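S.K.: Following this message is one structure expressed as structure tokens.
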Amino acid sequence: MSMNYMFGISVFLLCLVLLNIYFFYNLSTTKPTPLIQSRKAEAMQNVHKEINDHFAHLKKQYKIKTSKFTPVQQALIASFNSTITELENIWNTVDNWVDNESLFPDKNGDPGRILHAIKSSPIALVDNAPKGTQLKLLLILESKQKVLFKPKRYNLTEVIKGPVYAGFDRYNSEVFAYYLGMVLNMRWIAPAVTMRINVENDILPVATLGLKNTMVKNEVGATCIYGKCYYCKINETVCPDNTGVLEGAAILYLEKQFKVHKSPWRRSYSRKKMDWEKDTDFCKKLSHTLSLQRILNLIDVAIFDFLIQNGDRHHYEVYKNRIVILDNGKGLGNPMVDILDVLAPLYQCCIINLQTWQNLQLLSGGSLTETIKILSSFQGEKLATEEHFEAIERRLLKVYATVQYCIEKYGTEKVFKH
Ligand SMILES: Nc1ncnc2c1ncn2[C@@H]1O[C@H](COP(=O)(O)OP(=O)(O)OP(=O)(O)O)[C@@H](O)[C@H]1O
Ligand SMILES: [Mn+2]
């Protein structure tokens with residue numbers, strides 16, 4: 001009798017376990033119904049609406065300058081307003097540079113000297129740089145430094161319509177990004193400067209055969225380049241202007257071993273929605289696979305990208321466990337549009353590095369673009385139209401608004417991280 005009783009209980013327990021497994025499996029694999037999906041889409045829309053409400057009612061402190069920025073601005077000016085005496089010295093400083101806050105020398109006139117040296121060092125060799133999908137050249141300077149050259153494809157006034165990643169790379173966006181990184185104190189970035197090269201005098205005599213093979217003469221006899229890259233086409237050349245000069249961004253090449261990762265917030269480049277666009281718990285789930293430091297780093301980069309509207313950060317490179325802000329050519333496309341979902345890492349995680357937040361607050365009231373204008377003026381650069389500068393200031397206010405949204409939702413304790 002008691003044996004039968006025990007047997008009965010065992011069977012009952014076994015059934016319970018099996019039923020549990022059945023329900024667990026079914027619940028976790030059931031596809032969300034269209035109703036759930038539409039509620040999620042609605043939730044995402046509401047976030048944008050709430051952020052825009054905060055933007056409309058932003059406190060005055062975010063719209064005026066703060067005197068706390070003055071010493072920071074002066075230090076930046078001193079770093080960029082420098083003249084060079086000896087090229088050799090600055091390259092020695094660059095080659096022997098070790099610092100955990102900045103990838104390249106960033107103080108006491110060195111940034112200005114580096115930019116000047118990139119522009120004025122004689123070029124020893126020019127080749128195609130076949131990495132990536134867009135046309136770019138590799139310059140080897142006589143001082144042995146490598147430089148990537150992304151040529152000008154558009155005039156500054158041209159507005160790029162379409163998706164946030166539309167069009168060719170913008171050389172001015174690359175250069176702008178460098179100054180932006182320096183002003184935001186996100187210094188894990190490569191120096192970039194506008195460079196003008198004479199094709200006949202400075203490229204052709206030192207061009208590799210490979211590069212020469214991707215050159216064609218246009219109808220007025222100028223030597224144009226179509227290059228070697230995934231999207232390079234013989235009918236999509238870059239040509240020098242009527243003085244024989246090819247303008248572009250010269251970006252210092254980092255001879256470092258990077259680890260390359262897919263961005264969790266990358267776009268699908270099709271109508272398909274990525275997980276981050278569908279899942280309201282996306283960030284929470286990410287914290288199982290990425291460290292807090294990496295997520296905070298991705299959020300910093302998202303703020304950076306939002307300001308210039310670079311929606312093309314499909315991959316990211318890591319050096320010494322920090323993201324190197326490389327490939328910034330898809331910014332400054334349309335000054336009339338602010339695609340808010342470039343900020344998704346910030347508003348989905350609702351956390352931000354406290355230091356980043358303090359740096360951002362220093363830049364209120366126009367200081368951000370004013371400083372970029374001053375720093376780039378030392379190289380005689382005009383990097384964007386006034387509409388773009390205004391757009392960047394407007395987007396900075398939207399970043400403030402997003403942080404306000406997060407604070408209102410979760411409280412300062414949860415939002416700011418060290
Ligand atoms: N300054 C740099 N120093 C060293 N490596 C670099 C630098 N800039 C870019 N790279 C490397 O070259 C690759 C291609 O460069 P980049 O991403 O700028 O080109 P792209 O044509 O825009 O490529 P994609 O279409 O994939 O975005 C990068 O993924 C990176 O690994
Ligand atoms: Mn790119």
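Glycine residues also receive a Cβ, built from the backbone N, Cα and C atoms like all the rest.
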S.K.: Check TrEMBL for me: it has GLN134, LYS150, ILE251, LEU252, TYR253, LEU254, ASP327 binding ATP, so pick out which one of GLU219, GLU277, GLU317 it puts in that same site.
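M.R.: That ATP site, as TrEMBL gives it, pairs GLN134, LYS150, ILE251, LEU252, TYR253, LEU254, ASP327 with GLU317.
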S.K.: Sorted by position, what residues of the same chain at least six away from TYR253 (ATP binding site) have a C-beta under 8 A from it?
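M.R.: Looking at Cβ-Cβ distances below 8 Å from TYR253 (ATP binding site), excluding near sequence neighbours, one finds LEU138, GLN145, LYS146, VAL147, LEU148, ALA190.
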S.K.: Under a three-state reading of DSSP, tell me whether ILE251 (ATP binding site) is helix, strand or coil.
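M.R.: Once the DSSP labels are grouped into three classes, ILE251 (ATP binding site) ends up as strand.
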S.K.: Near ligand 2, which of the binding-site residues show up if the criterion is a Cβ under 6 Å from one of its atoms? Options: LYS150, ILE251, TYR253, LEU254, GLU317, ASP327.
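M.R.: From LYS150, ILE251, TYR253, LEU254, GLU317, ASP327, counting a Cβ under 6 Å from ligand 2 as near, the near ones are ASP327.
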S.K.: Helix, strand or coil: which one is LYS150 (ATP binding site) in, per DSSP?
M.R.: strand
S.K.: Taking every protein chain in this structure into account, which of the recorded positions GLN134, ASP169, ILE251, ASP312, ASP327 has the most other Cβ atoms within 10 Å of its Cβ?
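M.R.: Per the Cβ count within 10 Å, the most buried is ILE251.
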